[in-house]
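Since the structure comes first, as structure tokens, the remarks are kept for the end.
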Amino acid sequence: LFGNANVVTVAAHNTSSDYSIYGIPCLFFPFVSNFCTFFLPGDGVARESSPFINSAEMDRGNMYEGKNMALFEEEMDSNPMVSSLLNKLANYTNLTQGVVEHEADEDSKRKEVKVPRMGTFIGVYLPCLQNILGVILFLRLTWIVGTAGVLESFIIVFMCCACTMLTAISMSAIATNGVVPAGGSYYMISRSLGPEFGGAVGLCFYLGTTFAGAMYILGTIEILLTYISPSAAIFKAEEVGEETEAMLNNMRVYGTCIIILMAIVVFVGVKYVNKLALVFLACVILSIIAIYAGVIKTAFDPPDFPICLLGNRTLSKRSFDVCAKFTESNNETKTTTLWRLFCDSSLLNATCDDYFSLNNVTEIQGIPGIMSGVLADNLWSAYSEKGSIVEKKDQPSVAGSEDTKMGGLPYVFTDIMTYFTMLVGIYFPSVTGIMAGSNRSGDLKDAQKSIPTGTILAISTTSFIYLSCIVLFGACIEGVILRDKFGEAVDGNLVVGTLAWPSPWVIVIGSFFSTCGAGLQSLTGAPRLLQAIARDGIVPFLQVFGHGKANGEPTWALLLTAGICEIGILIASLDSVAPILSMFFLMCYMFVNLACAVQTLLRTPNWRPRFKYYHWTLSFLGMSLCLALMFICSWYYALIAMLIAGCIYKYIEYRGAEKEWGDGIRGLSLNAARYALLRVEDGPPHTKNWRPQLLVLLNLDSEQLVKHPRLLSFTSQLKAGKGLTIVGSVLQGIYLDKCTEAQKAEENVKALMGVEKTKGFCQIVVSPHFRDGISYLIQSAGLGGMKHNTVLMAWPQSWKQTENRFSWKNFVDTVRETTAAQQALLVAKNIDLFPTNQERFTEGNIDVWWIVHDGGMLMLLPFLLRQHKVWRKCKMRIFTVAQMDDNSIQMKKDLQMFLYHLRLNAEVEVVEMFENDISAFTYEKTLMMEQRSQMLKQMQLSKNEREREAQLIHDRNTASHSAPAIKASVAAAVPEKVQMTWTKEKFVAEKHKNKDSNVSGFKDIFNMKPNQSNVRRMHTAVKLNGVVLNKSQHAQLVLLNMPGPPKNRKGDENYMEFLEVLTEGLDRVLLVRGSGREVITIYS
């Protein structure tokens, strides 16, 4: 207003508290009122307190903070200023993996870790590359190419790479939708799909990572014992054919030792593992460069790796050195070691193996080179049975006799049966590792940019390496060597190594270190993932694994991981472990795709990824591909993995902590609920689909606790979790004053609903009048087609006490309103005698008194109750009343036929009620009732009015000074209460009233004759009560038609009396009033 704040001057008057600026009161300048507050003389206390500063010794600069937002000062405690919020976000530091999510960690003092923030190349690209390229590439890819052929191998690799690429696109979308704290894939899935899915998939991912560790360790031992130092084997094959078993036992022993060693390294410190990571990465990259260099060299100078063939069968060079039957030296023919392996002696006339005698021994080049055209031979698959000999397809051979024993002969045998789907399972682990970048999101400079770029680049690079390697292996290496899994035909060399330049040892040493490193990283990453899940508190039995060393290292989780890893080691076969971890990874990737698809289709407002190159169809395709690959790999493993995930899901749903993470599944539920509500027509359902959708009206006491908990027990027995249940209650007052009480009441009701296993919704209404609140509930509870059609309430036991807020007036009006709203009404009398959910009736009856037909509610309710364990053993009996001119025998037959068509089992009895004279008892009871109601009417005044009236009567009596007048006025005190207000004229009129009229007014109550209609009604109630008591006094539950209230409102209190008489002497009664529509049908 004045341009610069400095020009504002304050004119203060010592004599007045009206401070002003330029003589204008500060009142007119609310936006500069801060100056008035702080610069004016006075008591020195600031009139406004800043929402951010609580210190009394504020320096002058701080005094202004937040002051120019005085309008919002009431909200500052709950809603911070935007500036302070932005300041907090700017100082956001990522927590180490596994620490409680950042929202809950605001209060704890976080030390800013001085880590160099990494870019895309170092932080995402290289870790992904290192994790993806690994043991399968070096140990199994050549064998897969040889067995499946170049074309089918290409299909296998392409499918797996497409699966990971689509997953990476989905992952990029999720990872760029807000800050992803370290915790990687688990965090992304759990926050997108909710705690149940998050926990299930997180544990699957954990198991996958753990088994991956086992696979890498087995790979390490395989390289060590097969290619580096075969003599280090502890178990040796004593007999022919025991080689495989001996190798597996060696794996188990060495594996256990290595896992203990690795666990100790990880326990001592992760920093050593991280320091070695670069060394391991260098090994991988050097090995791959060596392969490509070797391929280029084969074009002009193929390496010399001769293979020895007998006919078309490949021979293992481990047993002999010269590839010939005999050699000639000094004109003398000598048999070779090979001859002695096939014949019974070294003599030329020895008896030899039939096939050996018939076929020649030839030697061919194992690596003919890229220009040789061997690719054409390797295009097609060569699957084989377990124990069959590796043969060269186009080599001539003469078949020998069939009965020759193959064992002990130096052939190259296949160790397992091979087929396409099995190879997919073995190969898939080589494309896993795409999460490596997102798992390190905490260390990235700009995670939202680096994760998509780095991951997709890494997948593109590795896909190119794999696909090119398949073609190059097929083009350079002879098929029999490709199918020779352990390189027996090439002197026990690693097959990939034979291709590499400058030496096979580059690959052997490189792959040894890379698999070692990958195993260490799995043992480092998996415990942290488990710790993250444990600390989230969604799986109660994992809580112990959230603890660790003082520096946060997950000690217990590491022990469990090492234990699970040991299971993989005991399996001992790399080919058996690979499909297991394929399952867990595929399931994890499937849910990443699902999370992205769900979020995209729901269009949740918070779904705003920075990565724009995604689409729900891609996510859906990725999800379908993952599912297909799971069943392609191994259908039984897939089912087991799904069963494990399903069990974890249900466990978290049943026992886990309630977490609200704004996840997609919750959004999906809301969308599905909205869709279903729109589909459910607003009109009434078909009779076949009708079930009581309850609105339960509860009474609360002054502590907001439920007065009759058994009403909820009865609700759960009647509903058994099916259909709609709305539990409603009314608080009297103004909502602004009572909102906290309403919340407390809602919490109490929900807690009780949980205890009583009542599945439904709670609705608390605050209304100035109790009566109106119930009306609001009856009118507005529910939504669309999901509205209640039945109201359940307890009988007001204390209706005769006028002070009771739920007096007979409210009750009768509620009955009228349910009728007007075409809703059924159930009134439970003596509700506190009803059974709890834990009780079981071993015998007894549920008696139905069917007096008037109101849609079949009376038939349906016992059937529904008997579905519950409490009432299951009770029998159903139906009584109906025959009048004078009814044929009771025919009635019974008709009723039995009706029940037969309704498919209900019940005993039927027709009770005859003959007209007889109205008894003196009935007459007396009616008279007492009418007298009482007259008295009640006259006592309807509020407490204040009664006190005021008593004062006026007292004044009148003291004024008259006559004894008879005093007597009369005392007698008249009760009837006078009909007068609601007292004016001066009325007072004068009263003063001059005749004493006789006073006395006669009082006598009228005792001289009145009962209304004939009331007498008739009372007669029915008394008679019917007698009949019911006679037949059903010992029944576990009595269901009765509830007569409607009178049309004339003057008789409301009489109506209550009729109902009281009707149900007198019965323990548990359910009064039923139908909605006027059929609720049960005989048709299918």
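Positions of Cβ are set from backbone N, Cα and C atoms, glycine also.
According to TrEMBL, the feature domain 'Amino acid permease/ SLC12A' maps to 124-298 (among others). In the predicted model, the domain 'Amino acid permease/ SLC12A' (124-298) shows an average pLDDT of 86.
As annotated by TrEMBL, domain 'Amino acid permease/ SLC12A' applies to 417-695 (among others).
If you look up TrEMBL, you'll see 825-1084 marked as domain 'SLC12A transporter C-terminal'.
The annotation transmembrane segment is assigned in TrEMBL to 20-40 (among others).
Marked as transmembrane segment by TrEMBL: 118-141 (among others).
Sequence annotations record features per position, and here TrEMBL assigns transmembrane segment to 153-176 (among others).
Annotation comment: TrEMBL describes 197-218 (among others) as transmembrane segment. Sequence-remote contacts of a segment are chain residues at least 6 beyond its ends whose Cβ falls under 8 Å from one of its Cβ atoms, and for the transmembrane segment (197-218) they are 134-135, 185-186, 189-191, 251, 255, 258-259, 262, 429, 432, 435, 515-516, 518-519, 522-523, 525-526, 529-530, 532-533, 536, 538-539, 561, 564-569, 571-574, 577-578, 580-581, 583-585, 587-588, 591, 595, 641, 644-646, 648-649, 652, 656, 661, 663, 665.
The annotation transmembrane segment is assigned in TrEMBL to 253-270 (among others). Within the same chain, residues 214, 217-218, 220-221, 224-225, 234-235, 519-520, 523-524, 527, 553, 555, 558-559, 562, 565-566, 569-570, 572 sit at least 6 positions outside the transmembrane segment (253-270) and bring their C-beta atoms closer than 8 Å to a C-beta of that stretch.
Marked as transmembrane segment by TrEMBL: 277-296 (among others).
Positions annotated as transmembrane segment by TrEMBL: 416-436 (among others). For the transmembrane segment (416-436), the residues of the chain that approach it from at least six positions outside its boundaries are 124, 127-128, 130-137, 140-141, 144, 147-148, 152-153, 156-157, 159-161, 163-164, 167-168, 171, 184-185, 205, 208, 212, 215, 381, 383-386, 455, 458-459, 462-463, 466, 575, 578-579, 581-582, 585-586, 629, 632-634, 637, judged by C-beta separation under 8 angstroms.
What TrEMBL records for 456-482 (among others) is transmembrane segment. Remote same-chain partners of the transmembrane segment (456-482), defined as residues 6 or more beyond its termini with a Cβ less than 8 Å from a stretch Cβ, comprise 120, 124-125, 128-129, 132-133, 137, 141-143, 145-147, 149-150, 153-154, 157-158, 161, 164-165, 168-169, 172, 288, 291-292, 295, 298, 302, 305, 307, 309, 314, 364-370, 372, 374-375, 377-379, 382, 390-393, 412, 430-431, 434, 437, 489-490, 495-496, 498-499.
The transmembrane segment annotation in TrEMBL covers 502-520 (among others). Within its own chain, the transmembrane segment (502-520) has Cβ neighbours under 8 Å at 130-131, 133-135, 138-139, 212-213, 216-217, 219-220, 223-224, 227-228, 258, 262, 265-266, 273, 276-277, 279-281, 283-284, 286-287, 290-291, 293, 493-494, 496, counting only residues six or more beyond its boundaries.
As annotated by TrEMBL, transmembrane segment applies to 556-574 (among others).
If you look up TrEMBL, you'll see 580-602 (among others) marked as transmembrane segment. When Cβ-Cβ distances below 8 Å are used as the criterion, the transmembrane segment (580-602) is approached by residues 163-164, 166-167, 169-171, 173-174, 177, 185, 188-189, 192-193, 197, 201, 204-205, 207-208, 211-212, 215, 424-425, 428-429, 432, 568, 571, 614-616, 619-620, 622-623, 626-627, 629-630, 633-634, 637-638, 640-642, 645, 664-665, 667-668, 671 of the same chain, each at least six residues removed from its ends.
Here TrEMBL flags 614-638 (among others) as transmembrane segment.
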Residues from the same chain, set at least six apart from the ends of the transmembrane segment (153-176), whose C-beta lies under 8 A from its own: 144-145, 185, 188, 192, 420, 423-424, 427-428, 430-432, 434-435, 438, 441, 447-448, 451-452, 455-456, 459-460, 462-463, 466-467, 470-471, 474, 586, 589, 592-593, 595-597, 599-600, 609-611, 613-614, 618-619, 621-622, 625-626, 629
Range from 118-141, 556-574, 614-638 with the greatest count of C-beta pairs under 8 A to the transmembrane segment (277-296): 118-141
Close approaches to the transmembrane segment (118-141) from elsewhere in its chain (Cβ under 8 angstroms; 6 or more beyond its ends): 215-216, 219, 222-223, 277, 280-281, 284-285, 287-288, 426-427, 429-434, 436-437, 440, 443-445, 449-451, 453-455, 457-459, 461-462, 465-466, 469-470, 473, 485, 494, 496, 507, 510-511, 514-515, 517-518, 521, 574-575, 578
